[in-house]
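In what follows, a single structure is set out as structure tokens and then discussed.
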Amino acid sequence: MNAIHTEALTKRYSNGRGCSDVHISVREGEAFGFLGPNGAGKSTFVKMLVGLIFPTEGRASLFGEPAGTVAARRMLGYLPELYRYQEWLTGEEVVRLHAKLVGLGRDETNRRVPELLERVGIGLRSRDRVKNYSKGMQQRLGLACALVGDPRILFLDEPSSAMDPIGRSEVRQLLHELKAQGKTIFLNSHLMEDVESLCDRVALLNNGTVLQQGLVSDVLQQRPVWKLRIGGFAPALLDWLRVETGLELRVVAAESDGSAVLEAQLESEEQAGWLHSLLIGQGATLYESTKSRTKLEEWFVTELAGKSHRGEKL
Amino acid sequence: MSIIWSMTWKELLRKRVALLTALMTIVFLIAFWFIASTLGNEVRDYGLSESDPMFAIEMFARGMMILSLGFFFGAFVVAFLAIFSASSVISGEAELGVMQALMPRPMPRWKWYVGRWLGYVSFGMLYALMLFAAILIIGDIHAGVPRDPMTLVVAYLLFASVVPLLVTLSMLGSTFFSGIGNGVFMTMLYGGGWLGGMIEKLSSQFVSLQEGRAGIGGDSLSNISGLLSLAMPADGLQRMMLDRLFNISGITELVGDNTGGMLMLFGVGAAPAPAFLWYALLYTLVAFGIGAWRFQRKDL
């Protein structure tokens, strides 16, 4: 069963923003990255799924239940992007309030709340009023609230945007644990490294419409780029290699002492080994050979290059 | 629903709304004590014997004056507490982002709405009860007050009835306007209702302004005050409360207005007909229904 399924989901605002005709399916246990520039409509889409706003057209369901209904909301945890918790409550009281709202019993609440507060890193300050929390602390608290009902699906809208590098790393680790537990994760984030490391599939939204979606591995399927640092380089060697291999080779850097860095797009490690042997056979010295993949960030920038954005410029 | 209800109480206590209200009420009651004392002692200076029926009548008249004064200001305090406690409950919390985390929880929106309403109304009515009792006690110490329990219960219910009315309207307004905008709107609306009540009182005092006095604007004034009272029934309810508490209509018929016109400004004037109470109830129910319906469909 699909954890999330939308058909032509559309929200139109009078200012022309929102999102339109979004078709997305996310399987149970999958981590799904929802990407797009600022103002693309990502948060609008998530708000429709969690029942905060109502679609203008189209349908959405969570585990078969219409999005926004109490039955659908029973299965989700949500960390909004722009939110504030009740400043007059302590962190622990906020999580306890959410525990009551999701229907946890007293014993379960007493067991789960301190455990979660500890897990998200605010155990020591759980008795402080929320008004004294930094933005990063509030984001940790938000994660605890999202997780308190042990939801089947988690909607996280920029879950670590206000955190320091340690906090981000902890959140990344937590999300990997949750994924390993079989939770479905819907992640809105500008932190491409997090999306790349966590998500199985991604969708790219621009101006409210989905430009592309698919497996992260497919998106990054472009041939890996290899960089070879060699000695004894001469321009004639490059010409010979191009003719001999038929590969696209280029010089990234060349020094007067004969050392140089070559770059080639190769299909396999065998092909790399063959290139290495050809270089050595021609009398060159191979100092280093490294493979680098295309980053999701590069894909993001490339896909949106030349397209208009209604938010900020990329 | 009970979770949201208790959360609302906690909010009012933690945000020190209750503390500030209590402090300002104490200041008001201290001032009221001295006013009541001055007005009450004046009767004792008349030199009447306490066994003299005129003394009892004078003391009761002073009691009416004192209580009218007390409830005049008390009504304002209760009204503003009801208005401002609920004025930003929806739009304000949506703007701040508080609802973003709460509303995706598995709870029907109407339960949240009713829970908030119950929280504000129970808080306001409890406060109204304490204020009502304090004003009565001070009035009793310095003059005479009605002691019939049923009369007092009915008077309290009428005094406190503005709380659900104003909380309901304030919550409805909050589905349309921002927190500040709604506060201003509600204050203006309440002021309009109060103005309508004042016109009623003036009309009842000056024969030339009464309905049917053609050429002097009596009909126009009556229409304006009627419309204002319909738009905001709070002042009408307060005048009904004073009328029930003192049975003013009956007393005025019996002994005439012996308060030197003081009741005109702070008192009853022409008390609304009993049907007005049903109108206010229907008004509140309709406003509550529209508010809950709007919140149910509101994008947050």
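The backbone N, Cα and C atoms fix where each Cβ goes, and this holds for glycine too.
TrEMBL entries are annotated by machine, without manual review.
Keep in mind that this is a model prediction, so the values were computed, not measured.
Sequence-remote contacts of a segment are chain residues at least 6 beyond its ends whose Cβ falls under 8 Å from one of its Cβ atoms, and for the transmembrane segment (B:64-84) they are 17, 21, 24-25, 28, 32, 35-36, 39-40, 120, 124, 127-128, 131-132, 135-136, 138-139, 142-143, 145, 159-160, 162-163, 165-167, 170, 183, 186-187, 190, 234-235, 238, 241-242, 245-246, 248, 259, 262-263, 265-268. Under the heading transmembrane segment, TrEMBL lists B:64-84 (among others).
The transmembrane segment annotation in TrEMBL covers B:117-138 (among others).
What TrEMBL records for B:150-169 (among others) is transmembrane segment.
Per TrEMBL, the feature transmembrane segment maps to B:176-199 (among others).
Among the features that TrEMBL reports, transmembrane segment is placed at B:276-295 (among others).
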Quiz item: Hey, which bits of the same chain come close to the transmembrane segment (B:176-199), Cβ under 8 Å, at least six residues off its ends?
Solution: 79-80, 83-84, 87-88, 91-92, 95, 166, 169-170, 221, 224-229, 231-236, 238-239, 269, 294
Quiz item: Restricting to the same chain and to residues at least six past its boundaries, which positions have a Cβ under 8 Å from a Cβ of the transmembrane segment (B:150-169)?
Solution: 71, 74-75, 78-79, 82-83, 85-86, 117, 120-121, 124-125, 128-129, 132, 136, 186, 189-190, 233-234, 237-238, 240-242, 244-245, 247, 277, 280, 283-284, 287-288, 291
